[in-house]
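Below is one structure, written out as C-alpha cells; comments come after it.
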C-alpha cells in the first residue's frame, strides 16, 4: 500500500477542508484507517472536481466541454481500482470500488453512472475474463481515462430476457460478422472499447451467446442518436447498430459460447458496486436537507426544530446507514472470496428503493423549494429512480433472491 502515499495518489490527496455533514468518521461504517482516508480523499476530489459541474451536466445533458472528467478521474487512479498494478490499476478490492462509486455519486449521479459502466462493467470484465494480450491492449488507456469503456447486453426487445437477444454473430474466416442492435448502452456514444454480447449459435440457448470486444471505428459499427433520459442526464446513453460488422477472432472475451458465463460471473459484482450509487444519492439528499432545515424558519423558528421534520431526517438517515452497512458488509465478503448472488442482488434492491424514497422525503422537507429545479432535490430523485431499473430491475432482483433462498436447504 505504500505507493498510495505519493503526491499523485489517492491517499496523498490532502483533505484540507471538510464540509459540515453527519458523514463523519463515526458514521462512516469503515473501521480501517486506510479505507477511511481513501473515502475522505475521494470525497474531496469529487466535491472539488465533479460536484461543481453537476447542475450544468443535468441541464445540458452533457459532460462539461472545458474539463475532461474521464482523464481527471484517471489521474486520480479511480478507473482501475480492481485492476492489477501492472496495467496502471490499484489492485484493490470491491469495498474500495464501492467507496469510490458512493462518493462520486454523492457529487453527481450521472458522472457516477458513467464511471460505474466504465470501471465496473467494462474494465472489471476485461480484468476478470480477458487474455494477457487483451489486457495489455485495452486496459492501460481505459484505466488512464484516455479511452472510455461500455458494456452492451440489452436490446429493444430483450431487456430482462437476456437469452432472447437477436444480435447475431456469424462465424467467418478469421472472425465473426455481427448484425443487430443493442439498446440503452451507457457511455455508448463516447466509448472506444465496448463489451458486447451476441448469439453465435441461435439454437443453443444460453450456451450460444458469446462476448466480444468491440472497438470504436470498426467497419459496420455505429451509434444512433443519444437518448433523452428523465434522469442521469449527461451520462450518455444510446442504441448501438451492427451492420455486417467484422470482429476478429482474437476479440472474443473468454471463449465462444461462454458469453452467459462471462455475464453471470460478473453480474453479482456489478450489482454490488452499482449498489453504492444509491448510497451517494442518499448522502447527497441529507447534504441538501440538513443545512436547509437549520436555516429555513416558519412560525419564528427553524423548521428542523419541528418533530415531524426530525422524524423525516431520522428516516432518511437510518435508510442510508442500514443500506450502507449492507453494501459494505457484502463487499467485504466478496473481497474474501464469498460472493453470494442473493446478497449482491439484495444490496442494490435495498439501496435503490430506499434512495428513491429518501429523495422524495428530501423534496418534502424543502417544501415548495424542493419542487423547484434551482434546488438539487428534483435531480436527485430523477437520478435515484434509474437504479430501480438499470442493471436488472427491482423485480428481477427479487426473483434472484427468492430463487436462491428456495434452493437453499
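Any Cβ shown, glycine's included, is placed from N, Cα and C.
Given the structure is predicted, the values throughout are model-derived calculations rather than measurements.
Site annotation (Swiss-Prot): substrate is bound by 206, 207, 261, 268, 269, 270, 271, 391, 392, and the candidate from 160, 322, 323 recorded at this site is 160.
Residue 394 (FAD binding site) carries a helical DSSP state (H, G or I).
Counting every protein chain shown, the number of other Cβ atoms lying within 10 Å of the Cβ of residue 160 (FAD binding site) is 11. The two recorded residues, residue 160 (FAD binding site) and residue 391 (substrate binding site), show a Cα separation of 9 Å. When the Cα of residue 186 (FAD binding site) is compared against those of the binding-site residues 207, 268, 270, 391, the shortest separation belongs to 391.
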